[in-house]
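Asks: Found this in Swiss-Prot, in case it helps:
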TRANSMEM  26-46  transmembrane segment
TRANSMEM  72-92  transmembrane segment
TRANSMEM  94-114  transmembrane segment
TRANSMEM  132-152  transmembrane segment
TRANSMEM  168-188  transmembrane segment
TRANSMEM  199-219  transmembrane segment
TRANSMEM  236-256  transmembrane segment
TRANSMEM  263-283  transmembrane segment
TRANSMEM  288-308  transmembrane segment
TRANSMEM  338-358  transmembrane segment
Amino acid sequence: MLVWLAEHLVTFYSGFNVFSYLTFRAIVSLLTALFISLWMGPRMIARLQEMSFGQVVRNDGPESHFSKRGTPTMGGIMILTSITVSVLLWAYPSNPYVWCVLFVLVGYGIVGFVDDYRKVVRKDTKGLIARWKYFWQSAIALVVAFVMYMIGKDTPATELVVPFFKDVMPQLGLLYLLLAYFVIVGTSNAVNLTDGLDGLAIMPTVFVAAGFALVAWATGNVKFAEYLHIPYLRHAGELVIVCTAIVGAGLGFLWFNTYPAQVFMGDVGSLALGGALGTIAVLLRQEFLLVIMGGVFVVETLSVILQVGSFKLRGQRIFRMAPIHHHYELKGWPEPRVIVRFWIISLMLVLIGLATLKVR
């Protein structure tokens, strides 16, 4: 919005030309989302407390979590608001990639909101019925996957980028739809599973978004894309604005979500953020990179799959409790230790992922 306005005002004052610079807009996008999140935090927490929108804790969970019962949840609303406002202010409104991410962010946010509402108002720990949650996640993912396919059909935008191999970029064709679907839905649920401790999910999300901001900048730059042997995508640059908005909103939310948390993001936040990261990865053609940089989300999800599979097949559990962060809690690790160590691992994985762009 402000970019469009600046383009019309630059004829009156050349200083408005600064709004055309991607680096400038990336910085102010981050700061805008950060300040909105910090401003909304105390007000939203107070409002959620007034409405008794408190966290519902499962009776079969770790005993240390019983003290979290009643902590305000659905704080993801302020994350989504911060991201959306910042992106609308600083990104080019004509960019289709930006709208694809916002569509998933808001759509999955609505699904998460309904899920949270059932939990906190109806006191139903299961929330939205699983099949309906999956149905709406799938519908949203398929719609945006089809739109993305039509935008980039028969171009590098539908090629598969394989790490370590600079000349291996097969054209996916209609398989693009299937891959996009699984990446978006899978990442959404993976972040949701990770969101079980104070600040555990939001910081890896910030790290991954920051990593993708660098990738988006390189992908949207002809020279750097050629240098790194990745597809040049002319719309990709504006995803930097989306990624930095996620970073800013995430850091602002962490101010209130750090241990001991004053507010939880709820499914309205975790499903939306995961869906947004998955969509960004697909748009940048970096699905494999997401697996590396988002390794914490992958391991959390695999721990649940292995736990359920082992119990059904052998009648035995592999972990004391899944997702795996609960396993370490039950081993006696203090919650802050689990959180910070997962953060460190996440940061390392993002750096490793970025390094793979050059190791080809």
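Each Cβ is built from the backbone N, Cα and C atoms, and glycine gets one as well.
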Asks: Give me the stretch from 168-188, 199-219, 236-256, 263-283, 338-358 with the greatest number of Cβ pairs under 8 Å to the transmembrane segment (94-114).
Replies: 263-283
Asks: The transmembrane segment (288-308) vs the transmembrane segment (26-46): three or more C-beta pairs under 8 Å (separation of 6 or more)?
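Replies: These two stretches do not touch.
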Asks: How about the transmembrane segment (199-219) and the transmembrane segment (263-283): at least 3 CB pairs under 8 Å, pairs 6 or more apart in sequence, or not?
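Replies: Contact criterion met.
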Asks: Look at every Cβ pair spanning the transmembrane segment (236-256) and the transmembrane segment (263-283), keep those 6 or more apart in sequence, and say whether at least 3 of them are under 8 Å.
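Replies: Judged by the Cβ rule, the two regions touch, with the required three close pairs present.
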Asks: Select the range from 72-92, 168-188, 263-283, 338-358 that forms the most Cβ-Cβ pairs under 8 Å with the transmembrane segment (132-152).
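Replies: Ranked by Cβ pairs under 8 Å, first place goes to 168-188.
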Asks: Grab the same-chain neighbours of the transmembrane segment (168-188) for me: Cβ-Cβ under 8 Å, and only residues 6 or more beyond its ends, written as numbers and ranges.
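Replies: Counting only partners 6 or more residues beyond its ends, the transmembrane segment (168-188) has Cβ contacts under 8 Å with 104, 108, 134, 137-138, 140-142, 144-146, 148-149, 154, 156, 158-162, 231, 270-272, 274-275, 277-279, 281-282, 287, 290, 294, 297, 301.
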